Amino acid sequence: MEPSYIFLTMAVTLLSMPATGFGQGTTRVGFYSKTCPRAESIVKSTVESHFRSNPAIAPGLLRMHFHDCFVNGCDGSVLIDGPNTERKAVQNSLLRGFEVIDDAKAKLEAACPGVVSCADILALAARDSVVLTKGINWKVPTGRRDGRVSLQSDAAKLPGFTDSIESQKQQFARFGLNTQDLVALVGGHSIGTAACLVFNYRLNNFTNGGPDPTINPSFLPQLRSFCPQNGNNFRRVDLDTGSANKFDTSFFTNLKNGRGVLESDQKLWTDASTRTFVQQFLGEKGVRKLNFGKEFAKSMVKMSNIGVKTGSNSEIRRVCSAIN
């Protein structure tokens, strides 16, 4: 067994417990080993199938898992469709990959009816998406149940792309996630894109009529060409310029070089309290090196245990988009 995989297995064992102050249930690796032995392989093959035809579902599923966990815990509530649900919130309007979860759920219901939760499918799919983009593999604790509440207004709890580092740290701390977890999880932006509408305000009239001064001047023309004034606000731009389809540390290199697309991302470098972790993930001289892949996996396990549901306030949905 690879040393890194042994390390991650140990980390998962230690972290398979509720997040401080917010968890209600517990998870464990291999939860479905007897009740639905093929559960993880079914999710994996489904994600792989959709990825082959549309690689954009990988960052979409990773982001969806994050958005699910940060609103009332990792309970699959972001998947519920209908008026005034989380899914209808503006913060979730650009999420992609719902059809992948629905497809996996249909296959699991055929194999093991009423056993595997939608929340677990999403957690597994997020891990599989990282692996498909050449990122690290890790064991995902399972055993979540699906929440029965999904409110559009609750999506306001999600971190925003203009948030200060202090605000981001406070939001993460609510769920037992520290500053290193923050930097590692934002590193998930190593894959995927953002619509012009969430960053084009940085390109003109940001301060004193000019652009955001933290943008590298040599990068500015490229961003402006992608997102001209009065252009298509929904055009997608790579979050990790030059490596948007590979899960690696180049995202952090771009931040160091003033080439972060989102304001909140670039602040990871401009703020001293988070810059150190960026430097550690990059392995820069003078700081203790941290392996980004390993630390990302550990932080994902911590995040995926936020607000795990049990009892009457939860269920195993038969269809992920609707409460039973």
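From the backbone N, Cα and C atoms, a Cβ is placed for every residue, glycine too.
Database features, via TrEMBL:
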BINDING   Asp68, Val71, Gly73, Asp75, Ser77, Glu86  Ca(2+) 1 binding site
BINDING   Pro159  substrate binding site
DISULFID  Cys36-Cys112  disulfide bond
DISULFID  Cys69-Cys74  disulfide bond
DISULFID  Cys118-Cys320  disulfide bond
DISULFID  Cys196-Cys227  disulfide bond
DOMAIN    26-324  domain 'Plant heme peroxidase family profile'
SIGNAL    1-23  signal peptide
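Between the listed recorded positions, namely Cys36, Val71, Cys227, Cys320, the fewest other CB atoms within 10 angstroms of a CB are found at Cys36. Excluding the listed site residues Asp68, Val71, Gly73, Asp75, Ser77, Glu86, the same chain places His67, Cys69, Phe70, Asn72, Cys74, Gly76, Val78, Gly147, Ser150, Asp154, Gly307 with Cβ atoms within 8 Å of the centre of the Ca(2+) 1 site Cβ atoms.
When the binding-site residues Val71, Gly73, Asp75, Ser77 are ranked by how far their Cα is from the Cα of Cys196 (disulfide bond), Val71 comes first. For the pair Ser77 (Ca(2+) 1 binding site) and the residue listed as 'substrate binding site', the Cα-Cα distance reads 17 Å. Between the listed disulfide-bonded residues, namely Cys69, Cys112, Cys118, the fewest other CB atoms within 10 angstroms of a CB are found at Cys112. Cα proximity to Asp75 (Ca(2+) 1 binding site) (within 10 Å) is found for the following disulfide-bonded residues from Cys69, Cys118, Cys320: Cys69, Cys118. A separation of roughly 11 Å, to the nearest angstrom, links the Cα atoms of Asp68 (Ca(2+) 1 binding site) and Cys118 (disulfide bond). For Cys69 (disulfide bond), the nearest of the recorded positions Cys36, Pro159, Cys320 in terms of C-alpha separation is Pro159. In terms of C-alpha distance, the listed binding-site residues Val71, Gly73, Glu86, Pro159 place Glu86 closest to Cys320 (disulfide bond). The disulfide-bonded residues listed here are Cys74, Cys196; among them, Cys74 has the most other Cβ atoms within 10 Å of its own Cβ. Sequence-distant neighbours of Glu86 (Ca(2+) 1 binding site) (same chain, 6+ apart, CB under 8 A from its CB) are His67, Val71, Ser77, Val78, Ile80, Asn92, Ser150, Leu151, Gln152, Asp154, Ala155.
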